[in-house]
Amino acid sequence: MTDILRISGPLTLWLTAFSAVYGLQGLICSPRWAEAGLDLAAGRMALALAASLVLGLQVAFLLALRTTRFASCSGFVRTLSLGLSTVALVASAWTLIPVATTSACL
Amino acid sequence: MTALRLHRELTRIWASEPGWKGWFTTVNHNDLGRMFIVASIVFFVIGGVLAMLIRAQLASPRSAFMAPETYAQVFTMHGTIMMFLFAIPLIEGVAVYLLPKMLGTRDLAFPRLTAYGFWCYVLGGSLLILSLLLGIAPDSGWFMYPPLSSTLGSPGINSDFWLLGITFVEISAISAAVEITVTILRYRAPGMSLDRMPVYAWYILVVAVMILTGFPPMILGSILLELERAFGMPFFQVENGGDSLLWQHLFWLFGHPEVYIIFLPAAAVISTILPVMARTTLLGYGWVVAAAVSLGVLSFGIWVHHMFTTGIPHMGLAFFSAASTLVAVPTAVQIFAWIGTLWKGRPELHLPMLWILAFFATFVIGGLTGVMVAVVPFDWQVHDTHFVVAHLHYVLVGGFVFPMLAALYYWLPHVTGRRRFFKLGETAFWLIMVGFHITFLAVHWAGLLGQRRRTHTYDEGQGWEIINLIASIGGFVTAIGFALVILDIVVNAAVAVRGSRDPWQAGTLEWAMPTPPAAYNFASLPEIRSRDPLRDDPALPVRIARGEGWLGDASRGRRESLTVATATGEPAQVVVLPGNTGLPLLMAVTTGGIFVGMLLKLYWLVPLAALGVATLAARWAWGLGATRDEGPVEGRPGLVLALASESVDPPGWWGSLFLLLADATLLGSLLFGYAFLWTVAPNWPPPTWAEPGLLAPSLALVGAALSVTGIQLADLRLRQERGPWLGFLLGLAGSVALALAAGMVLLGTDPTAHAYNATLWVLGGFVVLHAGLAGLMTLYLTCRYAAGFVTGRRIGEARIVRLWTDYAAGTGLLALAAAWLPGAVA
């Protein structure tokens, strides 16, 4: 079961983080954000922080899977989990580029 | 024991009942796999006839062939049947038939669940076909967008058939996904570690987990829309705090992964058949597995690309446009792995290979038009046109139907034990290929010229006449081709000559048995040392038949199989599987009572049927286990293993774990919907927030704590061989308290007044249902203990109840916190 978690963990983290950042963007663009006394600049900051956190977590996951403590005993699972962790890191970077490049609520 | 005597003994133990009764009482995966496949082909034929009606209608402008109302029902049912009654059940059927054989085991993890799923599918599907025959079929498109599908746009019973019928059918998908997941993770031949697993099993594992996490959002959406239609709970009505876009989110949270749920099994088939046809092994096994897992997860992050025209801000569009382009990468990894496999092998052009080549040509075109519609400005231009219709047919027919035809011809000798003799299949291949491309290249063209989809006719003079006529002619050629395929299969299955055991010289285990296969698959379970065991050891089938592997002794006279450690494939337990029974059919019919009661507004029938289901479920589970300790049993001479019923993690625990994964996804989708309405829907906040006070939250906390600690205490006392009564009592009291606390959410709240109130009712109902279920399971466990089924050694059932109770307490607190938090903060 732990090996299945090693394999499925990184991309599941990507999916969770991606959905959460999308949700945050929805919240920032909603009336609730303004009602809380926050503006779009604060929203942009929150999005940038969230994206940085996601990337940091993905890097941490990748590094952890290389350590003897968290790596699998099976060579196949170790290679597969490292490969998928790299995919998750690249996917996070690619799909969160809009945080830095496009308007948030137009 | 000689091979023949062993065969006779095992046949006596594993065979289905003879005659017509066997159809209704079989739980064997060979029978049920074939029944799934045949039923899905019947539905495919019905869906195909509807497709021909559509093409007949569109063949000429201003056609009077069908009235607009009829056309709406026909195109809705065509999509619905092909997606829900053909594609998914065919995937299930093929997996049900093949997986145990490829994994080197005797049956799926939960044979009765296979049968229950099959009967739910047939009954639910028949309900939908009945609506078509009565002229009251769903008519709002296969994705049922409200308000068109709500009582405003569809006041009749039409949409109810879809919402209830499809939910009924999806019980089958969830059932199959649970048992496929558990089977792949635990029911493999000894020694089959994860890296020795057939690539087909990897793909199907990914697909099964996708079904468990992809279907619940749509099931939730169907429940919410039916609640709105039946009881006026306004989840999708803007004036009362709802939002019709919520449906689109929930539907496409399911709908886009669904595309990959359909494609990945086809990719599994290609990755299995292609190396055999190329006389080599799959290039880049690890890369292909990584690509399948990546594609499975990435497909959940692109649902909004079906909603590019709904006014989403640029950043949201950009997120999903980026994610949509990303999926091309793992898809390309697979395509290149297949091309590489062809390159390194010596391909032979048999009929399955022809279909795989047709797949390459067609799916790549569909993939390229997919990249086109992933680009937002292009999508805005072609949205809701026939271009999208053509794209999805290239992807689904090219990416699913063609590989499945390859699978059909590849495994036909296995199912029938015969060698194909009549060669109608080649003629059918060319008719389908040419007909399909004529049709859908033309449909692309009509879409680019602006022809809208779901419109029953068009005027002359728009330049679409000749294109549509060509498309319709192509459609009928395709239909003739499919009719020839069916004729070819029937004729070859019935009268062709007997074939050899492994006609393709494949290396996977399903060919290591006589064909057609015996009910028990393997006379003994082989020890696996490579990914292609049959290729590496051609004498393996003989040794299996002689009973020289695991469980090669039938003297215990019961249906036995093995479970293994998930990663390493080390043998772990001996499992005793249940025999033939009509209980799954009875349970499916009773479950149908719930849906029919809702459909016909016979609400008295709903609780009655639910009670019937609970009673039958108790009867179902009561037949398992034993009242005496048997101790370890011999797995092979000199090696003993524990019985699963005397282990701490029996298969039922694993099944529960994955079923709860689906349930947790449903709750997650509900919380997502709640957050969506709160942030995006107009007419929020609601007039009043629910105020929790002190009593209800205290009751919930005490209830959750009692139910968790109670069942833990019972577990501990059972292990110490002491009386667990106090633990059972505390657990029961905790579940009742939690249900009462949730019930207080509903009190004094009018669910029809605002979407917020309606959401509170669903959250509260979720907690009541789960706490009630945990309470019933604790009560059941108490009875089992009193009857002598549960002891310190036979602790598995207590572990299962503990899992459910912990889950009910955890999700109960989460759901109630979500319900009360806004009121507490306000």
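Note that Cβ sites are derived from N, Cα and C of the backbone, with glycine treated the same way.
Taken from TrEMBL, the feature domain 'Cytochrome oxidase subunit I profile' covers B:14-529.
The transmembrane segment feature in TrEMBL is assigned to B:35-54 (among others). Sequence-remote contacts of a segment are chain residues at least 6 beyond its ends whose Cβ falls under 8 Å from one of its Cβ atoms, and for the transmembrane segment (B:35-54) they are 23, 65-66, 71, 74-75, 77-78, 81-82, 85-87, 89-90, 92-94, 96-97, 118, 121-122, 125, 129, 475-476, 479, 482, 486.
Per TrEMBL, the feature transmembrane segment maps to B:74-98 (among others).
What TrEMBL records for B:199-225 (among others) is transmembrane segment. Sequence-remote contacts of a segment are chain residues at least 6 beyond its ends whose Cβ falls under 8 Å from one of its Cβ atoms, and for the transmembrane segment (B:199-225) they are 88, 91, 95, 98-99, 102-103, 144, 146, 149-150, 159, 163-164, 166-167, 170, 173-174, 176-178, 180-181, 184-185, 233, 235-236, 246-247, 250-251, 253-255, 257-258, 260-261, 264-265, 267-269, 271-272, 282, 285, 288-289, 292-293, 295-296, 299-300, 508, 658-659, 661-663, 665-666, 669-670, 673, 762.
Residues or ranges marked as transmembrane segment in TrEMBL: B:259-278 (among others).
Tertiary neighbourhood of the transmembrane segment (B:285-305): same-chain residues 195, 199, 202-203, 206-207, 209-210, 213-214, 249, 252-253, 255-257, 259-260, 264, 267-268, 271, 312, 316-317, 319-321, 323-324, 326-327, 329-331, 333-334, 337, 373-374, 379, 531, selected by CB-CB distance under 8 Å and a gap of 6+ residues from either end. Sequence annotations record features per position, and here TrEMBL assigns transmembrane segment to B:285-305 (among others).
Within the same chain, residues 267, 270-271, 274-275, 278, 280-284, 287-288, 290-292, 294-295, 298-299, 301-305, 308, 360, 364, 367, 371, 374-376 sit at least 6 positions outside the transmembrane segment (B:317-342) and bring their C-beta atoms closer than 8 Å to a C-beta of that stretch. What TrEMBL lists as transmembrane segment is B:317-342 (among others).
Using a Cβ-Cβ cut-off under 8 Å and counting only residues 6 or more beyond its ends in the same chain, the transmembrane segment (B:354-378) has close neighbours at 266, 270, 273-274, 277, 305, 308, 317, 321, 324-325, 328, 331, 335, 338, 387-388, 390-399, 402-403, 405-406, 409, 426, 429, 432-433, 436-437, 444. Residues or ranges marked as transmembrane segment in TrEMBL: B:354-378 (among others).
If you look up TrEMBL, you'll see B:424-446 (among others) marked as transmembrane segment.
The transmembrane segment annotation in TrEMBL covers B:466-491 (among others).
Marked as transmembrane segment by TrEMBL: B:574-596 (among others). Beyond the transmembrane segment (B:574-596), the same-chain residues lying 6 or more positions past its ends with a Cβ under 8 Å from any Cβ of the stretch are 16-17, 22, 24-28, 106-107, 111-113, 115-116, 118-120, 123-124, 127, 164-165, 167-168, 171, 187, 551, 558-563, 602, 605-606, 608-610, 612-613, 616-617, 619-620, 623-624, 633, 635, 641-645, 651.
Taken from TrEMBL, the feature transmembrane segment covers B:602-622 (among others).
The transmembrane segment annotation in TrEMBL covers B:725-748 (among others). Beyond the ends of the transmembrane segment (B:725-748), by six or more residues, the same chain brings 690, 695-697, 699-700, 702-717, 760-761, 763-768, 771-772, 774-775, 778-779, 781-782, 785, 805, 808-809, 812, 815-816, 819-820 to within a C-beta distance below 8 angstroms of the stretch.
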Do the transmembrane segment (B:424-446) and the transmembrane segment (B:466-491) come together with 3 or more C-beta pairs under 8 Å, pairs six or more apart in sequence?
-> yes
When counting Cβ pairs under 8 Å to the transmembrane segment (B:74-98), the leader among B:259-278, B:466-491, B:602-622 | B:259-278
